[in-house]
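What Swiss-Prot says about this protein:
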- CYS176: active site, thioimidate intermediate (ACT_SITE)
- 205-228: NADP(+) binding site (BINDING)
Amino acid sequence: MLNEFPIFDYEDIQLIPNKCVIKSRAEADTSVTLGNHTFKLPVVPANMQTILDENVAEQLAKGGYFYIMHRFDEAGRIPFIKRMHDQGLIASISVGVKDYEYDFVSQLKADAPEYITIDIAHGHADSVISMIQHIKKELPDTFVIAGNVGTPEAVRELENAGADATKVGIGPGKVCITKVKTGFGTGGWQLAALRWCAKAARKPIIADGGIRTHGDIAKSIRFGASMIMIGSLFAGHIESPGKTIEVDGEQFKEYYGSASQYQKGAYKNVEGKRILLPAKGHLQDTLTEMEQDLQSAISYAGGRQVADLKHVDYVIVKNSIWNGDASH
């Protein structure tokens, strides 16, 4: 039972250092393999309209990073796969579970994407299990990511249905208000939920939501994630698709959730909100900084590669990471 586990979130955990075995953090290898491909970082920008469009997806793929294209331009998905494959890049798309998506998946046989993410808010569902089975039947070589879920039972069921990876996180994101609207979710205990789910998993887990600092990437790996999906830290860049808005002479970019009225265009079943983020620099600068910070984390872990973070000790100190830092 869950109640036997300590409940904590990212800000409650500090990892404990080990003796460093590398001369420079630059020696630390941040690459990870998911399916048949290896990527520079165990990080993937959230498949949301204000985080990436086709151009950002292409930039990420060319740079050796994993990406998942969102599913909100349905008609553009097949041309997008062709655009990526024509350049020798991997194609990674999202699908929902509505009836017409079954025909869409069957149409992909001629030019199958390397990755498909089944992307719905409550992924522990018969509809998701049925879609996993359909994709695996039609496109046996495509790597299927299914989510989102928040329990070990869900992870096991989706894996048993054929999912190659599961995405864990129900509403912990900065622009997600599922926990407020419904009373359900992993907000406030996302890291403990990740740990709980990872203990049951036999295949990779993607932690999704609640990442606020680069140190949270290392913590996610410690508690069982193979890949970490990040929204707000990737929003608001020069390349980001969100609208740029000027307020009192300062530039902001809009960032909204995938079930918000801004994305749906209608105020129904809303579980997302819109916020404005101060406009940042280039996306590549953030990716480089994440890589350097993760290299430092690996060196503190006494390791040489990402997997070495899985073995460090940790301490639970409630809400401790901003202690002594009055600016927060």
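Any Cβ shown, glycine's included, is placed from N, Cα and C.
Shown on the structure are the features that Swiss-Prot records.
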residue	record	Cβ contacts under 8 Å, 6 or more apart
ILE205	NADP(+) binding site	VAL155, ALA165, THR166, LYS167, VAL168, LEU194, CYS197, ALA198, GLY224, ALA225, SER226, MET227
ASP208	NADP(+) binding site	ALA46, GLY147, ASN148, LYS167, VAL168, GLY169, GLY173, ILE228, MET229
ILE211	NADP(+) binding site	TYR10, ILE217, SER220, ILE228, ILE230, GLY231, SER232, LEU233
HIS214	NADP(+) binding site	LEU233, GLU289, MET290, ASP293, LEU294
PHE223	NADP(+) binding site	LEU191, LEU194, ARG195, ALA198, ALA207
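Once Cβ contacts within 10 Å are tallied over all protein chains shown, the binding-site residues SER220, SER226 are led by SER220.
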